[in-house]
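Read the structure below first, then the notes.
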Amino acid sequence: IFAAGLSVWGWGGLGVVLFLITFGPFAIFYLTFYIFCFVGGGFAVTLLFGKTSSEKHLEKCEHSYLPATPTGILKTLEEMKLEVKPIKIDRRVTGSNFIDEPLQQVIQFALRDYIQYWYYTLSDDESFLLEIRQTVQYALVQFSTRSKEVDWQPYFTTRLVDDFATHLRVFRKAQERLGEKEDPKQRDAPEELLESFFEAEVEMERKICRDVVCTAPKEEEGFLRDLCEVLLYLLLPPGDFHNKNMRYFLREILARGVLLPLINQLSDPDYINQFVIWMIRDSSANYEAFMTILKLTDRPAELEAVKDKVMEELQYLRSLDTAGDDINVIKNQINSLLFVKKVCETRIQRLQSGKEVDALKLAANFGKLCIIPLEHILVHNIALQFFMDYMQQMGGQADLFFWLTVEGYRVTAQQQLEVLQGWQKDGKKQSTQTKGLLKAAALGVYDQYLSEKASPRVQIDQALVEKLSEKLSKEDPTPEIFDDIQRKVYDMMLRDERFYPSFRQHPLYVRMLAELDMLKEPSFRGSDDGEGESFNGSPTGSINLSLDDLSNTSSEESMQLHAFISDTGVCNDHGKTYALYAITVFRKNPDGSEDCWKTYRRYSDFHDFHMRITEQFGNLSTILKLPGKKTFNNMDRDFLEKRKKDLNAYLQLLLNPEMVKACPTLTNYINDFLENKAYSKGKGDFARKMDTFVNPLRSSMRNVSNAVKSLPDSLAEGMTKMSDNMGRMSERLGQDIKQSIFKVPPLIAKSDIDPEHCRISAQLDDNVDDNIPLRVMLLLMDEVFDLKERNQWLRRNIKNLLQQLIRATYGDTINRKIVDHVDFMTAPEQVADYVKRFRDSFWPNGILAETPPRRDKNIRMRTRVAAKTSLLGIMPDELKHIIGADTTRKGILRVFDMFQHQQLNRRLVYVFLEGFLETMFPQYKFPELFVKLYSRSERMHRYSQKLRSTQKR
């Protein structure tokens, strides 16, 4: 027994030892834990099994006391669970496959990213999503059907332009009110501008003020909810609209998820500036416009941003390791950037010190002004305006208007006599009627200015007046009948100290030079046109060719002359950068030998030479066309190559044998220009500037005149028009004079409302024609460039000139072209392109785009400068010739400043939205609805009370 017990303990101990050696000393604890878990798990399973069995037993006991469930209800519930509603969705929305395909993708992406991501956390039922999609498609079908029934031409050509011009008028009035404030801080405060703007708006609209919606976010959300509910009523099926859950759900998505973000983006000034740059991306920026913007800006932040970018570019250029020809290009770029940096630093210093310089006062005190001859002033609309205002102040308006009236009479009489001669050749007899009309017109001029009853009367030698009176009574009038008196009047205006001599010392003369862009700084660098000589008043200048030189050279010799531009380079002379063109010249001598040399000319030399020969040989001006003068970065290699090619073509046309045969003496000018010597300019810098201003105006007027003459009117219609013009000429001129002297506004429909306090379209008169788009565009130009401040004679001339230019270009098809363009914009292919762009911008590659972070302040400031430069650079020179360079700049910058205020931009977006909805649903009373929606404005209530109190008085 003892041995058996010992063996048991021995084997047991051995097992324990082996267990501990194998599993470690802590194995006993693990074994104990496993046994405990096994026992506890068995107990838990037994407990749960017993609980479940007990619940089932209790349930059976409870149901035993209730009546049995009818089998019909159970069957119905089972069928409802198994039933799947087949909702068929017609994928056709607009009826055009071009539009429907991308539109369906937009709907799918919108449902996925705005609804499905949270809906699937609540339910897996697809029916709700299908119902939503069906409702959205129904609304789009209703919208598409309605848009097809609308004539969009009046909206795009009249309503849209009218809304923009009216917004600009309100902004201009707000600026004027700010300018009247004495405190400079109030003039520069954005809050004061908003107050002035909405005060001007309520005075103009009278029933609506959008200040609360545009400035209070909560009120804006409420306004959008109310508006969206109205739109849902018009677009949704009645069953869906009366379902409150569905209506509120769609209203919130449309108001807060679609319209509000869209309005935020469209009203962001930085987004508008980027859009402007994108719209004008095809137009090359203008260096002169860029420098003008830097010198005119009143924001130091813009200048600092440009300066920082210049410093980055300078650092990069200085780090380049280059040699050869590239080093000259880099040096030129560095010099240009250093000049821009200096301009920015100077302007920042002036703004921060508060010592802003008035360019007009500076030029007037400086005394060294360009001299514009009186003959040029009288043929230039802009210059004539200021001279007209000056003559009115000095009491010489009768002399000036007499000179202008005689000019108009001469042109009209010459045209009438040409028509008469043509009729006489054809055997038609109209001489008596024509002579009667001419005589009536001549007598009208005489009575208006020279007779004893004329008021005001031209003070001229009485003997000349009596001689003219005798001619008018005894002879048939001719176009030259007033020439003697007109020359006397011209000499009097030219030499009388009260008139032209004093005008050159008057502030109006300085303002005229500013409008003509003749107040450039003498130290301006970087252009390629001239060295800045002073103008001596002579229209021709000096020509360095003697009569002996002209007689010694034959046309046969010139035919042996060949030349071409072989190379182009960039020179830097004391900081002034300009392009130099190397011209290789070959001349074959009579003995058979050939000479070859190179001469170097600048673009300003070509310009001066072109002015000389076109002045001497008038017929060349229609054949020879000199390449354009200015462009941004005029030292760029690509640009220089293009100009080299154009100047080469100019040279080859000039050296053409047929050209030399037609103008034999032209050879002498060509030889002088191509000689290997320094070219002596016959024209000064100012003369070349006058050439760029006066000659384009004259040529454009000739083109318009020719175009008007070539209109396909019958001779009878032409005669009727000419007769009406001749019969009413003196009456119209008299009205023009009265309007110019007394500042009488043009005739419009009588109204109790000041024209300045009404919408632009309310000023459409019946004096032009039925061309509504053209009339609205002219009124828009009135607002942009503030032409109402000009005298009425100039304003009417500008309007007539613009009408003639448009008609000469498009004839009577301007409306048709506008309609065709609107049709093109609303064509299925274009609408499909708009939808695709919207899809690709919001869901690039099918993924919802992230909200872009707000751009850095310096980038936004440089974008402002770039946008202003682009706007100023696209203005055509012809427009500056018509209304003035300074007026053009102010108008463009006013439009730009208007878009730099987000609250004002919101107002413009809402105005466009109102016009769109009123056009889309004309049968509904949207104007009255908007009056109610904007009725929360306290400013509107104050104005209404003010009106009521005024009416009671």
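Quick reminder: no glycine exception, Cβ is built from N, Cα and C everywhere.
Just so you know, TrEMBL annotations are computer predictions that nobody has curated.
Residues annotated as transmembrane segment in TrEMBL: 6-24 (among others). Using a Cβ-Cβ cut-off under 8 Å and counting only residues 6 or more beyond its ends in the same chain, the transmembrane segment (6-24) has close neighbours at 30.
Taken from TrEMBL, the feature transmembrane segment covers 31-50 (among others).
Residues or ranges marked as domain 'PXA' in TrEMBL: 96-284.
Marked as domain 'RGS' by TrEMBL: 373-496. Computed over the domain 'RGS' (373-496), the whole-number mean pLDDT of the model equals 82.
Per TrEMBL, region 'Disordered' is recorded for 523-542.
Positions annotated as domain 'PX' by TrEMBL: 559-681.
Applying DSSP to the domain 'RGS' (373-496) sorts its residues as follows: 92 helix, 0 strand, 32 coil. Applying DSSP to the domain 'PX' (559-681) sorts its residues as follows: 52 helix, 34 strand, 37 coil.
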